[in-house]
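Over in Swiss-Prot, the protein carries these features:
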type	residues	note
BINDING	LEU72, GLY103, LEU122, SER123, ALA124, LEU125, THR126, LEU127	S-adenosyl-L-methionine binding site
Amino acid sequence: MKLQLVAVGTKMPDWVQTGFTEYLRRFPKDMPFELIEIPAGKRGKNADIKRILDKEGEQMLAAAGKNRIVTLDIPGKPWDTPQLAAELERWKLDGRDVSLLIGGPEGLSPACKAAAEQSWSLSALTLPHPLVRVLVAESLYRAWSITTNHPYHRE
């Protein structure tokens, strides 16, 4: 199974790249993890936000293809680390690759939400999208470590 993080935005601060890459390199070869960045639409004073969201959504869904789609959204399910590890195991048994979608400043398009098989909430707080990339990578790595009895996670 391959994990994909499909995220709106292409110019992240160095600390995001450093943090994300640190966890990316830790993933085992039998569970590769990749980042697909979707260019954010231009948002200005007179921008048509619905059109921008729809276009970003189309690009995200195209990147996900036939993968299991899991959206990251505040109204999603809040999984603790053991629950995320259990989800990771279920995803592996399903046999499909998994695409986790992170929207832009206005969130995800209605099409992305409708296509999602699951929705995961990292927090009831609104988090900066660059930070979410690092949090998701670390959380998935920690969940993987539980499923393989790797010493990274300690009870």
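Glycine residues also receive a Cβ, built from the backbone N, Cα and C atoms like all the rest.
Considering only the residues assigned to S-adenosyl-L-methionine binding, LEU72, GLY103, LEU122, SER123, ALA124, LEU125, THR126, LEU127, the longest pairwise Cα distance works out to 16 Å.
According to its DSSP assignment, LEU72 (S-adenosyl-L-methionine binding site) is in a strand. Just so you know, the Cβ of THR126 (S-adenosyl-L-methionine binding site) picks up 8 other Cβ atoms within 10 Å once every protein chain is counted. Cβ neighbours of ALA124 (S-adenosyl-L-methionine binding site) (same chain, under 8 Å, six or more residues apart in sequence): ILE74, PRO78. The local packing around GLY103 (S-adenosyl-L-methionine binding site), expressed as other Cβ atoms within 10 Å of its Cβ over all shown chains, amounts to 25. Cβ packing within 10 Å was compared across the binding-site residues LEU122, LEU125, LEU127, and the lowest neighbour count falls to LEU125. Sequence-distant neighbours of LEU72 (S-adenosyl-L-methionine binding site) (same chain, 6+ apart, CB under 8 A from its CB) are LEU100, LEU101, ILE102, GLY103, SER119, TRP120, SER121, LEU122, VAL132, VAL136.
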